[in-house]
Amino acid sequence: MERKASRRENECEENNSNSESSELDKDYKTSLITLNVGGYLYITQKQTLTKYPDSFLEGIINGRIMCPFDADGHYFIDRDGLLFRHILNFLRNGELLLPEGFRENQLLAQEAEFFQLKVLSEAVKSRWEKEQLASRETTFLEITDSHDRSQGLRIFCNAPEFIAKIKSRIVLVSKSRLDGFPEEFSVSSNIIQFKYFIKSENGTRLVLKEDNTFVCTLETLKFEAIMTALKCGFRLLTSLDCSRGSIVHSDALHFIK
């Protein structure tokens, strides 16, 4: 009799354990929400979508706002499915994090307003205003001969990050051409003066500066600037002093997006 009673107790405990596990699985599954946004499926947790009270998504999840379902039973929201990833990332991270070169601020601001996320809308608008202000300011990079200012190159652009990219490219070219180049070196000034060219071997494309830092030759730098501009979506607005017959021979390049 004792054995039968013990067996029944074990079976009850096992059934209770299985029941609790089943409830936990059920709760976990119901906490996952699948959204169909403009044909793109997103799976996230209920707590993520309800993070901001009175938002559109919180209203849907808590039943305040009616939302249609697609053929598979997922919530369907007729908005930009690609941009929604940034909405969801904001809900997850609590801050606006966008990829480098993001240019759809106006569209994202509209999406933020639709989803009734005031904090996100203000963050996008602030970012947009800063970019608009920066676009009005022309940034330049000047590389000249320390003894002859007429020998050199001037690069103008309405995007400071483009000039920074060019300066970074100068350092990268230099590192690839010189052993023992200081790793911490960076071009901080927008006016760079060189002393003379190194031409001791074929393929050497460096300019030696007076302070023992190095950049590539002007011809190579012009080519790098033009190629980088094209890859970044800029166009050559004008090239000054092209009377020599080629952009590569001009002494100034002006890029704009």
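Backbone N, Cα and C atoms are what each Cβ position is placed from, and that goes for glycine too.
TrEMBL: automatically predicted annotations, no manual curation.
TrEMBL annotations:
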- 1-10: compositional bias 'Basic and acidic residues' (COMPBIAS)
- 31-132: domain 'BTB' (DOMAIN)
- 1-23: region 'Disordered' (REGION)
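Regional average pLDDT for the domain 'BTB' (31-132) in the model is 94.
Helix, strand and coil residue tallies for the domain 'BTB' (31-132), in that order: 45 helix, 16 strand, 41 coil [DSSP].
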